[in-house]
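Remarks on the structure that follows.
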Amino acid sequence: MTLTKQDFSAGLPPPSELGIAGMDSSRGKEKSVLESLTGGDPFGSVEPVKKPSGRLIMHSMAMLGREFCYAVEAAFVTPVLLSVGLPKGLYSLVWLISPILGFVLQPVVGSASDHCTSGWGKRRPYILALGFLMLLGMALYLNGDMMVSALIPERGKQRTWAIVITMLGVVLFDFAADFIDGPIKAYLFDVCSHQDKEKGLHYHALLTGLGGALGYLTGAMDWGNSVLGRFLGSEFQVMFIIAALVFLICLTVHLCSIPEAPLKDDNTETKLLLKVDGSSKYGSIESVNNGYLKPKYAEKRTLSELGKSTETPQTQVQTRMTVKCLLKALLSMPSHYRCLCVSHLVGWTAFLSNMLFFTDFMGQIVYHGNPYAPHNSTAYLTYERGVEIGCWGMCINAISSSLYSYLQKALLPYIGLKGLYFIGYLLFGIGTGFIGLFPKVYSTLALCSLFGVMSSTLYTVPFNLIAEYHREEESQKEQNGGEAEAPGRGKGIDCAALTCMVQLAQIVVGVGLGFLVSAAGSVIVVVICASAVALTGCCFVAFFVRYVD
C-alpha cells in the first residue's frame, strides 16, 4: 500500500501541537527540578513540603556551634585581654565597635542576601563567609599573643601589636557571630513551611542552650595542665582547637541540611518566544514566570521580528537596594514590625545588662570580694571564687534555656505566642529583682534558671511572630491576586532588622551601664535596672505587640 503525501501528513499531529508538546516537556522537566527543591509548584505561592525533623536538627547545628564559641569567648576573653596588657580605657571601645558595625551593616547584608543570585542559594554564601570570619576572629584573639611573639622579635613592639591583634580578633568574632544569626533565620524561613518554621525555631533554641552549656563546661576544665595544653603551649590554644573543630563540624552539617533553590537573575536569562500569526502558532507559550520567589515575576519576551524585550503590565522588578532605599524601607516598615523591634530591643537590653555583669556581681556582691585588691590577697581570691561560681550560674542558664525551648512546644497551644512572650519577660524581671534584693549564693544559682527562660524566649518568640506576619502577608497577597509585597522588603531584611536590635541593645548597655555603675558605686544597680526594664517590657509585649490570630 502506497501512502500519499496527504495521507502521511494527516497521520501526524499539527505542527503547533508538536511545538507545544516539546515546550511543555522541557517546562515539565524544569518545573519538576524546582518542585524538588521548593516542595511545591514553583510558579505560584505554594507552601513547601514538610521537612523531616532530622533535617531541621541539622539546620539548627549552626546555632550549637555559634553558641559554643560564644561561651568560649565569655570564659576566656577577659583573661586574654588582661594577659596582653589592654588599658582599662580601651575596654569600652572593644565592646562598642562590633555592635555599632553590626547595627549599621546588618540590614544592608540582609537586603543583599534577599537578592543574591548565587547558584548555591541566597543565604548559604553569606553564612559560609561569616563563619569563616568567626574562625579568623577566634584565631586572632586566642592566639594573637603567640603569633606576635613568633613574628616580632623586639619586645618593645610585642605588647602593642599583641593588643592590636587581640582587639581586632574580639571585634571580628563578635561582629561575625552577631551577624550570622540573621541569614540563618532567613534561610530557615525560605525553605520551610509555617509549621516547620515553628519547629525549627524551637530546635534552634534547644541547641543554642546545649551549645552554651557545653562551651561553659569545656571552658571550666583545667586545660593548661593537661597533656594537650603542655604540647600546644597554653589553654588558649587548646580551646581554639576544640572550638574551631566543633564550629566547623556544626557549620558543615548546617550548610548541607536543606537545599536552597537559587534565585534566577532575570538579566542573564533570555526567554525566546516565536511569534507567528493566525492558526499557525508554532511553539508559542502564553507566559513564562520565575515564580520561586515571586509569583508573576517580571516576564521578558524576545520577539523574533523586533529583537527586543517587552514587559507585561503586571511586571514588578526587584532591584538591588542602595543604602538610601534601604533606610527608606526600614522607616516605612509596617507599625507592627516596628513594635516587635522595640520589644526585642527592650528584652535584649534587660538580658544583656544582667548577663554581662553577672559574674562580677557574684564576685563583688554575693561573695563580697574585691577585684582591685592585690592578687595574692584574700579579698581578690574570694572575688575569683565568686566569678567561678558565676560561670556555673551561666551554665545553669544555658541548660535551662535548652529545656525551656522544648517546654515551649507544649505550652504554645494553651497560652499562645503572647503568653510565652509575656511569661518570659515576667519571670526574668521577677528573678533578677529577687537576686538584687536577696543576694545569696544558693538562691541566686537557683534563680539563674529563669535567665534561661528569657534567653529561649528571645531566640524563638519574636522570630515566630515574624513568620506569622509573613504568612499573613502571603495570604493577603493571594487574596489580592498575587500583588507583590512592598518594594525593598524581604524575609532577609525583616530578620536583619530584628537582629539589629541585639546590637543596639549592646550599644545601650555598653554606653549607659558604665556611667550607672560609677554613679551608684555598686554593680547591684545593674541587676535592679535589668529587672525594671524587663517588667516594663512585660507591659509593652502585652499592649503594643501585635499577635496574629
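A Cβ is built for glycine as well, from the same backbone N, Cα and C atoms used for every other residue.
Those TrEMBL annotations? Automatic predictions, nothing curated.
Over in TrEMBL, the protein carries these features:
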REGION    1-24  region 'Disordered'
TRANSMEM  68-86  transmembrane segment
TRANSMEM  92-113  transmembrane segment
TRANSMEM  125-142  transmembrane segment
TRANSMEM  162-180  transmembrane segment
TRANSMEM  201-218  transmembrane segment
TRANSMEM  238-258  transmembrane segment
TRANSMEM  345-367  transmembrane segment
TRANSMEM  419-438  transmembrane segment
TRANSMEM  444-467  transmembrane segment
TRANSMEM  495-517  transmembrane segment
TRANSMEM  523-545  transmembrane segment
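Of the two recorded stretches, the transmembrane segment (201-218) lies close to the transmembrane segment (444-467), with three or more CB pairs under 8 Å once pairs fewer than 6 apart in sequence are set aside. Looking at 68-86, 162-180, 419-438, 523-545, the range that has the most CB pairs within less than 8 A of the transmembrane segment (495-517) turns out to be 523-545. Ranked by Cβ pairs under 8 Å to the transmembrane segment (523-545), the stretches 125-142, 238-258, 419-438, 444-467 are led by 419-438. For the transmembrane segment (68-86), the residues of the chain that approach it from at least six positions outside its boundaries are 94, 134, 138, 141-142, 144-145, 159, 162-163, 166-167, 170, 173-174, 177, 211-216, 218-220, 236, 239, 243, 246-247, 250, 391, 394, 398, judged by C-beta separation under 8 angstroms.
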